[in-house]
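Could you have a look at this structure, given as structure tokens, before my questions?
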Amino acid sequence: MTDRTQTLSGATDLELPEFDHPPAEPLGLLRSWLAAAAGRGVREPNAVVLATADGAGRPAGRVLLVKEVDERGLVFTGAAGSRKGRHLAAQPWASVTFYWRETLQQITAAGEVEQLPTTEADRMFAERPRDAQVASAVSRQSEPLADEAELHERARALLESGPPIPRPAGWTAYRLVPRELEFWYGSPTRLHRRLRYTAADGAWTHERLQPLTHPGGAGVRPASRRHA
């Protein structure tokens, strides 16, 4: 295997005391990891793979950006008529995965997805660059494309027009409210560090996880700690 295809090639010397002394709740830790990743030169720290499934359980994934992490969860946007929007309407559960090659860190969050009020969607759409607003206004995401030149012409005309661009009716803001988050830090030895939080009955518990499945079984499950 050449250097170009090797895995686990990022930083191996990060000091991450949270694995030994986990905070009581994970969303603050997620925000801390995001801020630190930006400071360490991770190029797209808020890019995630969003995994959804339709009503029959058939999955799909795509890369998008997490716009905010608030006190309830992770906020992202998209078209309600797109495949992800249709999936979330039929099955409002999803997971997102951050992976930062530069720092060998990964975060996975899974839980129920809720649609935010239109006032929040309006605010977030107004904050987008004009070319991104144009793309959302002229494109019907995931529908068949008959004429690419015509699509680009409509985008050019709208971009050069003067008036503000209103939020398209189907452009939606969502929040993933996590029931589980896992923080992962890779090691070239494959003895990765893993910290999982689980929510139940209004409280978070956390536990350290073994990095790999033992050939003879899953190993001993560690004791968890509960935080109200």
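Every residue gets a Cβ built from N, Cα and C, even glycine.
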Pick the one from Arg130, Arg175, Arg194 that TrEMBL also lists for the FMN site with Arg62, Val63, Leu64, Leu65, Val66, Lys67, Arg83, Lys84, Gln106, Gln141, Ser142, Trp184.
Arg194
My understanding is the cutoff is Cβ-Cβ under 8 Å with a sequence separation of 6 or more in the same chain; which residues meet that for Ser142 (FMN binding site)?
Ala79, Gly81, Ser82, Arg83
Could you count the residues of the domain 'Pyridoxine 5'-phosphate oxidase dimerisation C-terminal' (171-211) that DSSP puts in helix, in strand and in coil?
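Output for the domain 'Pyridoxine 5'-phosphate oxidase dimerisation C-terminal' (171-211) reads 0 helix, 30 strand, 11 coil.
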